[in-house]
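Per Swiss-Prot, these features apply:
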type	residues	note
DOMAIN	25-137	domain 'RWD'
MOD_RES	Ser230	phosphoserine
COMPBIAS	239-249	compositional bias 'Basic residues'
DOMAIN	296-539	domain 'Protein kinase 1'
DOMAIN	590-1001	domain 'Protein kinase 2'
BINDING	Leu596, Gly597, Lys598, Gly599, Ala600, Phe601, Gly602, Ala603, Val604, Lys619	ATP binding site
MOD_RES	Thr667	phosphothreonine
COMPBIAS	731-740	compositional bias 'Acidic residues'
COMPBIAS	754-764	compositional bias 'Acidic residues'
MOD_RES	Thr870	phosphothreonine
MOD_RES	Thr899	phosphothreonine
MOD_RES	Thr904	phosphothreonine
MOD_RES	Lys1259	N6-acetyllysine
Amino acid sequence: MAGGRGAAGRGPAEPQESYSQRQDHELQALEAIYGSDFQDLRPDARGRVREPPEINLVLYPQGLAGEEVYVQVELRVKCPPTYPDVVPEIELKNTKGLSNESVNLLKSHLEELAKKQCGEVMIFELAHHVQSFLSEHNKPPPKSFHEEMLERQAQEKQQRLLEARQKEEQEQREILHEIQKRKEEIKEEKKRKEMAKQERLEITSLTNQDHASKRDPAGHRAAAFLHGGSPDFVGNGKARAHSSGRSRRERQYSVCSGEASPGSCDILYFCVGSADQLMVHKGKCVGSDEQLGKVVYNALETATGSFVLLYEWVLQWQKKMGPCLTSQEKEKIDKCKKQIQGAETEFSSLVKLSHPNIVRYFAMNSREEKDSIVVDILAEHISGISLAAHLSHSGPVPMHQLRKYTAQLLAGLDYLHRNSVVHKVLSTASVLVDAEGTVKITDYSISKRLADICKEDVFEQTRVRFSDSALPYKTGKKGDVWRLGLLLLSLSQGQECEEYPVTIPSDLPADFQDFLKKCVCLDDKERWSPQQLLKHSFINPQPKMPLVEQSPEDSGGQDYIETIIPSNQLPSAAFFTETQRQFSRYFIEFEELQLLGKGAFGAVIKVQNKLDGCCYAVKRIPINPASRQFRRIKGEVTLLSRLHHENIVRYYNAWIERHERPAVPGTPPPDYIPQAQNSSATGGKASGDTEELGSVEAAAPPPILSSSVEWSTSAERSNSARFPVTGQDSSSDEEDEDERDGVFSQSFLPASDSDSDIIFDNEDENSKSQNQDEDCNEKDSRHEIEPSVTTEAVHYLYIQMEYCEKSTLRDTIDQGLFRDTSRLWRLFREILDGLAYIHEKGMIHRDLKPVNIFLDSDDHVKIGDFGLATDHLAFNAEGKQDDQAGDHVIKSDPSGHLTGMVGTALYVSPEVQGSTKSAYNQKVDLFSLGIILFEMSYHPMVTASERIFVLNQLRDPTSPKFPDDFEDGEHTKQKSVISWLLNHDPAKRPTAMELLKSELLPPPQMEESELHEVLHHTLANTDGKAYRTMMSQLFCQHSSPAIDYTYDSDILKGNFLIRTAKIQQLVCETIVRVFKRHGAVQLCTPLLLPRNRQIYEHNEAALFMDHSGMLVMLPFDLRVPFARYVARNNILNLKRYCIERVFRPRKLDRFHPKELLECAFDIVTSTANSSLPTAETIYTIYEVIQEFPALQERNYSIYLNHTMLLKAILLHCGIPEDKLSQVYVILYDAVTEKLTRREVEAKFCNLSLSSNSLCRLYKFIEQKGDLQDLTPTINSLIKQKTGIAQLVKYSLKDLEEVVGLLKKLGVKLQVSINLGLVYKVQQHNGIIFQFLAFSKRRQRVVPEILAAGGRYDLLIPKFRGPQALGPVPTAVGVSIAIDKIFAAVLNMGEPVTVSSCDLLVVSAGQMSMSRAINLTQKLWTAGITAEIMYDWSQSQEELQEYCRHHEITYVALVSDKEGSHVKVKSFEKERQTEKRVLESDLVDHVMQKLRTKVGDERNFRDASDNLAVQTLKGSFSNASGLFEIHGTTVVPTVSVISPEKLSASTRRRHEIQVQTRLQTTLANLHQKSSEIEILAVDLPKETILQFLSLEWDADEQAFNTTVKQLLSRLPKQRYLKLVCDEIYNIKVEKKVSVLFLYSYRDDYYRILF
C-alpha cells in the first residue's frame, strides 16, 4: 500500500500502469492478512489480460474465534479500472447474526467511508470497519422459551445441589463438633474419676501416716481427726480437684497469638514402635516459649480420647530451597537434618523414662515442608501451672512449700541423672505444678538440643529469643544442680535471680542457706549431686522439741488449713502465726477452701463456716486505718449492708483484724507501723482486742478499690459432712449477739455511737486500745526466749458475702447464651430487677459488666462486686458532700448527679467517659446494660479486636451501628431495647423501672414454683388429657444428626476386629460346655422391668420411659430379673445359664447406657437344707477357670462369708438393727474401694456410732483366713446374746459344710473366710462368695473380681403375687464378669488360634463355581465348617492374605484344569503345603487333617498347662531342694533379650531351659539371689566367647572402646549393642556380682564376671 501511495504521485504519462500496480500491491497485502478468508473472484486473475480487482472477504468480530463468534458477514468489493480514484462497488453477502437494519446501517457506513478514502487504497480500511462493527454487535442469539426454561431448571438444580452440599457439610461439622464435645466430656469424666481415685489414695496414705506418727505427748491422735475433720478433708479435696481442670493448664504459658486460629484442628500422625501410629488432633495454641523456640498446643489422641500437649518447633529456612543453593549452604542444611535425626535417636531413649516428678514424652515426629522443617513432640498433659507463672502471680513461696517442691525436684532430677539424662535448661518455666501440688519437670534434654538447632544460621532467628542473661551457662549434671539452686533462690525471693556471682540473702533459714551454697558454689567438684542433696537437713529437718507442750486442739488448726488448700495459694498462710490464728475471728469461725480471685485490693477466698457448714466468699482487704481510703471503704461497706434482694449478692458481715507478719528488709509495706517492733510470737490476747487501731504513717496506700476483681467461680458443691466445731472460742452467746446486731457483727469490736461508723471505733478509743496493746507487747517481750524479729502490723478488713457457685454472665455468654432466647430474656429481666432495687436505694453500681454479674446454682442472677458502687447523694457546687445530708439516702431523680470518672471503657457511659468533671446519675448503669444485652443476644466474639470493634460501633454517638449478621428479624426486640438504652442523651435513656414496665420486654416467665405445681398435678392424673399431651410432646422431640451420630459413638468406634468376635464366641462356647455338663439350660428373661427402688436401693439402674409415661429399667444384673421370672412362673427345680448384657447409666447426657456382658449360672431347687447347690455353683466357676490357662496364671482365691455371720458381727459391735442396711452400703463401698478408711469412719460417725463400736467392728471385718484359723474368733460371738449366738452357730455350720464339700469336689484354689466380705446383702441370705485375684496396674496392686454370688432365697418371695401359694424354692446363683475372660484370652502371650471355618473352598473361575458349590454342600453335610469364596477373581496373594486374616488353615482350590482332582493347600506354622486330592476323597482327607490338628493342639495345651503350673511355683524353686543355700532359696533374676518380640509362653520356655541347665552351677555358688543375674540371648557359642574380651573393670571410655571393637568383628550390630548396654547396666547400675551369659540357641553359657 505504500507503493500504491508512491505511484499516485507519478505524472500522468503512465496512469494505467500506476493503477494496476497499486491494485496488485493491495491485493497481495489483503491475501497475506486474511489468508483463507480472502477470495479473488476474477475468472483469470493470473492471465495476461488485466482485469480490475473483484474480491470477497469473510469477516468475523475482531480478536474472537470459535464459540464466542455469533455474527459473520462477507464483504464483496468490485473495483473499477481507475480504482482507487473512483469509489468501488460494495456489497454485503451471507450475513449471520445481524438484523436487516444492522446490515443496512453497516452498508451506509461503508459507503461514507469509501467516499472519504477516495484517492487512497481503502479495502483494508473497509474490512477493518466491518470487523469493529461486528465486535460491537457480537451478541448470542435470543433463546427460546424452552431453552430459557431448561437453563433456569439447570440453575435451580445446581443451587439445590449446592444447598444440599452445604447442608451436608454443616451436618458433618456439627457431628465433628459434637464428637469433639463428647470426647471432651468423656475425658473430663475420666479425669474426674482418676482425680477422685488419686485423692482417695492420697488420703489413704495420709491416714496411714496419721496412725503412725500423729500422736501428741499424751499418746492421743491429732485434734483434726478427733473433731470429725476427715469428711471435710475428703469433700474439699474433691472440690479442689474439680475446680482445677484445664483452666490452670491454659494459664501455664503466655497466650499465643498469631500462631493458629482457635478453630484450627490439624491432624498429625506419630509413629510408635514398628508399625503402630498415633493420630492426634492438634488443638489451639496455649502458649509459647521464646527461649526454647517452641509453641505449645493442646491436642487430643484419638485412639484413647486422652488429652496431650504438643510441643512444636518450626525451623524456617532463611533461603527458599532450590537449585540456587550453594554447596556450603547445602552442607549446612544436611548437617541440620542430621542433627534432627540425632535428636530423634536421643528421644527414643527419653520415651522410656517414667517418674512421678517428670513429664512423660510419648512420641516425636519431624517433617519437611515447603520452606521449613517442623518438629513435633507429644508430651503428657498436666493440669497445672508453671513455677514461672506462680512466681509472677503469687510472689515468694513459703518455706514449708518450698521444701516440698525441692524434695520433688530433687527426686525427678536424680531419676534423670541416674538414667544418664541431663536437663540442660532447668528453670521455673520448665517446672509444672499440677492440681494436687505434684511437681513435674519438663523440657529435659531434647528441648535444649532443638533450641540449639534453631540457632543455626540457615534458619530465621525471628521465632527464638536467645538468653541475654549475665549468668554463665554450666553444662552436665552439675550444671543442672546449679540451675536448681538458682530456681529455688528465685522462688524464695519472689523474683528471678539474675546477678553473678550469686549472693544468698542472710535472712533465709540457715539450713536453706547451706542448701543453696551446696547448689550454686562455683567449683563443680564441691557442688553436691541430687542424691547428696536429698539427704540434706533442709529436705529432712530434724524435729524440734516444743518449748511448751501443745494440746491437741492447738496443734490441729494449722494442719487443718493446709490439708484443705495449699498454703501457697492463700495469702494468709505464710504470715499468720499459730497464736494469731487462735485469736482471729476469721480462722476461728471459717475454714479456707479455695482462692477465688486476687487483685490490687486483696483477695477473695471461698470459706466454709464451721458452725452452719455453709460456704461464703470472704473479701480480705489490707487497709490503712489512718487513710482517706479507709473512710471511703467504711462508707461503701455501710451502703452495701443495706442491700437485700434475690438478685443482689448478699453482704452478711464485716470486721477488722490486726495481724503481725515478718517485715521484708529495706522495703516497708504501704501500711507499715513503726511502733510495732515486737516479736511475731505475740502473747495471748483477749478476743475483744482483735481490733486495735493505732497511729500510722501519713502516706496512704494506693487506691484499694480502684478496680474490681474478676471472680473465678466454681461449680462444685462441697459434700462434706458437717460437724459442730469444738474447742473454739466462739459461743452461742456471741451467735445471739450477731443476730441482734444485724449484718455487721460487733462481737470482736467495742460498741460505736456513730450512726455512720457502724463497726469502727472513734479516735479516742483507738488510741486507748493502742496504748493497751503497747503495754501488753512490752510486758510480753520480757518473756521472749529468742531475739525478737522485725515485724510489721497489717490491718485487714474482712467482708463476708454470699458465694455464687455456678458461673458469671461472661461465661454464659461465651457458652452461647444467644441461642436460648427465653433464658436470655429471663436473665435480662432479673438484672433489671436487681438494678431497679439498687437505684431505688439511691446507689449506682458504676462498674456493671458481665464478669460482675454472677449466676448461682439455680441459674438466677446475682449482681455483685460493688467495688466501684457509690451512694447516690446530692453534691453542692463545690463538689463536696452536703453536711446536712448525713447518712440519709436521697431518692434518685433525673436531676440527681454524682461526680467522677470510673468504670470499664467498653461499658462505661459517654457522660462518664467524656470528662472528669462530667456529672451523671443512675442511668450510667442503664447504658452499660445496653452493651451487656447486645453481648447476650449476639454470638460470642472470638478475638478481642473483633469485640472492641463491634462494641465501639455500638457506641456511635448518632445511633448504634449493629453488625450485619445482627440485622435480621429475630433480633427486632433486642435492637429496640438496645437502641433505647444506648441513647447518648441520659434524659432520653429509660430507668430500670421504666424498662421493666415497657411493652418491649417479653412478659415474665411462669414462676418455677407454679410450673412445678402444674407438672405435679399433670403427672398425678395419668388418665388426663394434659398427661397425654405432655407424653406426646416428649416423644415428638427431634434428634439432630450430630446427636444421632454421637449417641453410641463410644460403643461403635469403628475398630471392629473379627478376631475379637471369634475370641468372644470361643470363650462363650467353652463356658457353656461347662454349664451343660451340670445339666443347665439356657434361659433368658424379659429385658425390661418396672422401676424398683427397694431392690436397687444402692445401685443406680438405667431408667427409661415408655409411651405411656411408665418408668422401666434395663437390667442392672441378671439375678433380679431371673428371681422375678422364677417367682412369677412358680419354678421349683431348674439349672439355668444366661449370657446377656447388663447396663449402667451414664453420668453424661445423651449417651447410650454403658453395656457390660454378664454370665449368670443359677441353681433353683426345692431342697431347703442342703449346701450342695452352693458348693456346686462354686465348683462350676472353678471349672471355668481351669478351662483357660490365662485365668490359671492369675492365682484366684475363693472368699466366703455368711450374711447371718455379718449381721451377728454388726449387732455384737453395738450397731442398731434399723441401721444395718446403711452399714451394709458403707461396707460394700469400702470393699469395692469407693471409700477410703477415713471416709468410712466419717460415714459411720454420721450414723452416731461410738468409737468403741467402730474399733470392735474393724477388729472383725479386717479378719480373713482359713476357717480353722478363724473359728476361735467366730466362737467368741457365741457367748453373746441368744439371738447373736444362734446366727453365729447357723452360719458357722453352713460355712463348714461348704468348705468340706469343696474339698471333696477337688477344688484346689485357696478357700478363705473373709468376715468383711459384703456382696449385695440386701439380695442374699446365707453364704456369699467371690473369686478374687490381685493384679498389678499402674504400679498398684488392685483386686480383680472374676465372679461373685450367693444364696438368694429371700429375694424370690418379693416378686410373688398376692395370691401365690406353695413352697418357696432355694436359689443359688453366681455372676461372672465374662468381659474379663475375653480380655485375659486376648492378651495371652501365645495367641489363640480361632477360625470361623475349617476349610475355604475357592473356585478358579466362573466355570468351576458349580463344582465348588456342590463340594461345599458335601462338606456341610459331613459336619465340616466350610466357607465358599464368593469372589473367584482374587489373586493368589489376596487369597493368602484372606486366609491369614481369618486364620483359615486349609483351602480347597477347584479348577476345571485339574479334572476330578482338587488342590488342597494348608497354611500351618508359617509353612505352606499343597496336595492334589480326588474330589470324592476330599471330605475324608479334611476330616483326617482336622483330627490330627486337634490332637496336636491338645498335646501343646497340656504342655503349656504343665509349664504354667511350674511357673506359678516360681521360676527357680523345686521340690528337691535345689538352689537352697543355708536354708535360703536362691532365685536369681533372669532376663531374656531376643532380636524379635517373644510371646509370654516362649519366654517362659527359655526361662525353664535356663533353670534346667544352670541349676547345679547356681547351687554351688555361695551368693545371695540379689547378687546373681542371668542374661539369656539368641547368639551362637562363638559369639558368647567374644564377650569375654570386653573390659568390665575399666572406666566407661575403655569399655566403649572394647564394645566398638567387638561390634566391628561381628554381624547383627544393633542386637549386640543392645546386649552390651544391658550387660553394662547390670554391672554398673545394678552392681551385680555374678553374671551368666547364656545362649538358648546353642545351650551354652559363660560367667562374664
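Backbone N, Cα and C define each Cβ position, glycine as well.
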Report, in whole Å, the straight Cα-to-Cα distance of Lys1259 (N6-acetyllysine) from Val604 (ATP binding site). 46
Suppose you look only at the domain 'RWD' (25-137); what would the mean pLDDT be? 87
Of the binding-site residues listed here (Leu596, Lys598, Gly602), which is spatially closest to Lys1259 (N6-acetyllysine) when Cα positions are compared? Leu596
Surrounding CB atoms that lie within 10 Å of the CB of Val604 (ATP binding site), all protein chains: 23
Counting only other Cβ atoms and using a 10 Å cut-off, which of the recorded positions Lys598, Lys1259 scores lowest? Lys1259
For Gly602 (ATP binding site), the number of other Cβ atoms found within 10 Å of its own Cβ: 21
Local Cβ density at Leu596 (ATP binding site) - other Cβ atoms counted within 10 Å: 22
Counting each residue once, how many in the domain 'RWD' (25-137) are helix, strand and coil under DSSP? 47 helix, 24 strand, 42 coil
Simplified to three states, DSSP reports Lys598 (ATP binding site) as strand
